[in-house]
Structure formats: C-alpha cells, structure tokens
Amino acid sequence: MRTLFVGDLHLSADRPDITQAFLTFLETQLTDTSALYILGDLFEVWVGDDIAEPFANQLADAIKLASKKLPIYFIHGNRDFLIGERFAQRSGMTLLPEVYKLDLYGTTTVLLHGDSLCTLDKPYQRFRKFRNLSWAKWIYNHLPKSKRLNIAAKLRSKSQSSNQHKSYSIMDVEPSAVLELLDNTNAQQMIHGHTHRPAIHQLSNGKRRIVVGDWYEQGSMLCISQDNVELIELPFGK
C-alpha cells in the first residue's frame with residue numbers, strides 16, 4: 001500500500017484541462033492507496049461554500065465517489081482557505097488543521113500547505129494573519145455574493161502584480177522557519193506545497209523536507225510507501 005499527496009492544482013473553470021487531469025487521477029491513480037492528502041490550493045479561488053461554481057460541484061461528486069474507496073484529507077491553501085464543512089461533507093473530504101502531524105510508515109511527519117513558511121514575505125504574512133481571524137472570515141462570508149467575488153478578483157490581481165516584483169528567496173520558504181516547525185512538532189519529515197518547486201530536500205540536521213508539485217503544465221503527485229518516496233509527473237492527456 002501507498003499514501004498519495006497532491007497540492008496546488010488551482011482548479012478553475014478556465015482550465016478544463018487541469019480539471020480533466022484531476023478527474024482522471026481520481027479514477028486511475030488510487031489503486032493500492034491507503035489515503036490521499038490534498039495540501040491546499042485545490043481551487044484557484046474559493047469565495048464560499050454557498051457559491052460554488054458548477055464545475056466545483058462536478059469535482060465534489062468525483063471526490064465523493066473516490067472517498068468511498070479511501071479516506072481523503074484536505075488542508076487549506078492560501079487560495080481556498082474559505083472551504084468549509086459544507087463543501088467538505090459534500091465531497092467526502094476530512095478537513096485537517098493548518099499543521100497536521102502523523103506517523104507515516106514509522107516516520108513522524110508534519111503536513112501543511114507551506115505559505116506560513118515564507119516568513120520573509122512580510123506583507124503577505126500580515127494579510128495571512130488577518131484573513132485567518134474568525135471574525136474576519138465571518139464578516140466576509142456574510143457579504144453579498146457579488147461583493148465577495150469582486151474582493152476575490154481584486155486580491156488575485158494584486159497578488160499576481162506584487163509577486164512579479166518579489167525575489168526568488170522571498171517567494172520560497174525560510175529555512176529557519178522549516179527547522180523551527182520540525183523542532184516544535186518533533187517531526188522527522190515535512191511535506192508541503194505552495195512554492196511550486198517540487199523537490200526532496202535532505203536537511204543538515206538529518207531530517208527531510210518534501211515539496212509537492214503544482215498542476216499548471218502537468219499533474220504531479222508524491223507517492224510514499226514503506227520502502228519508497230517518489231515525486232511522479234502526470235502529463236496531461238495521458
């Protein structure tokens with residue numbers, strides 16, 4: 001048996017090729033798999049469970065069907081942090097906390113989306129702290145649907161514009177934040193996404209950090225079993 005991890009699919013109605021690739025993944029890649037973990041940014045944007053787009057409901061049906069075969073877990077990303085219990089139940093996913101620790105084939109492992117590790121990006125971390133406040137979420141979720149969609153569009157545009165001027169190091173995780181979280185959780189291994197820089201990093205302290213790949217140009221999954229750790233590319237259309 002094996003455990004699969006994916007993240008940063010950024011699904012949207014504008015990219016039916018990614019949606020189809022994920023549907024194919026759910027249909028073909030879950031054999032001999034004990035669990036699937038989705039590490040955030042499943043959707044390009046999520047403005048509330050009450051206004052899910054038709055394609056999102058199609059995906060919910062597919063995930064629900066897959067969840068009858070194995071448990072599917074979800075950690076919020078920076079694009080879909082407003083996914084709630086309503087959509088989770090609709091799709092058969094179990095929502096996990098922002099940082100989740102588990103025993104993975106004898107290795108203590110911590111899972112997270114990864115944006116919290118980019119501590120050099122001070123403006124984003126300030127926004128992240130605000131958006132995670134329970135009262136801020138409550139206010140946002142009670143705004144008219146048109147207002148929420150407008151805010152989401154402006155935030156996406158601002159993010160894309162500001163990211164063009166940020167350095168490589170600011171956009172990546174801060175090594176000290178990685179080591180601090182590993183120490184605080186007493187974990188030997190970390191798995192995250194967000195940076196779109198898939199790799200298996202052996203750290204100086206003997207621990208390991210694994211980054212899952214994004215799905216912009218091809219699919220990507222991390223496959224871990226008792227004896228193997230592998231990042232696997234999934235070309236679209238195959």
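Any Cβ shown, glycine's included, is placed from N, Cα and C.
Quantities reported herein were computed from a predicted structural model and do not represent experimental measurements.
Binding of Mn(2+) 1 is annotated in Swiss-Prot for Asp8, His10, His196; the matching candidate from Asp32, Asp41, Asp172, Asp183 at the same site is Asp41. When the candidates Asn78, Asn228 are compared with the Mn(2+) 2 site entry in Swiss-Prot, which names Asp41, His113, His194, the shared residue is Asn78. Note on proximity: of the binding-site residues Asp8, His10, Asp41, His194, His196, the one nearest Arg79 (substrate binding site) is Asp41, by Cα distance. Taking His113 (Mn(2+) 2 binding site) as the reference point, the binding-site residues whose C-alpha atoms are within 10 Å of its C-alpha, out of His10, Asp41, Asp121, His196, are Asp41.
Candidate binding-site residues: Asn78, Asp121, His194. Nearest to Asp8 (Mn(2+) 1 binding site) by Cα distance: His194. The most densely surrounded of the binding-site residues Asp8, Asp41, Asp121, judged by C-beta neighbours within 10 angstroms, is Asp41. For the pair His10 (Mn(2+) 1 binding site) and His194 (Mn(2+) 2 binding site), the C-alpha distance works out to 11 angstrom. When the alpha carbons of His196 (Mn(2+) 1 binding site) and Asn78 (Mn(2+) 2 binding site) are compared, the span between them is 13 angstrom.
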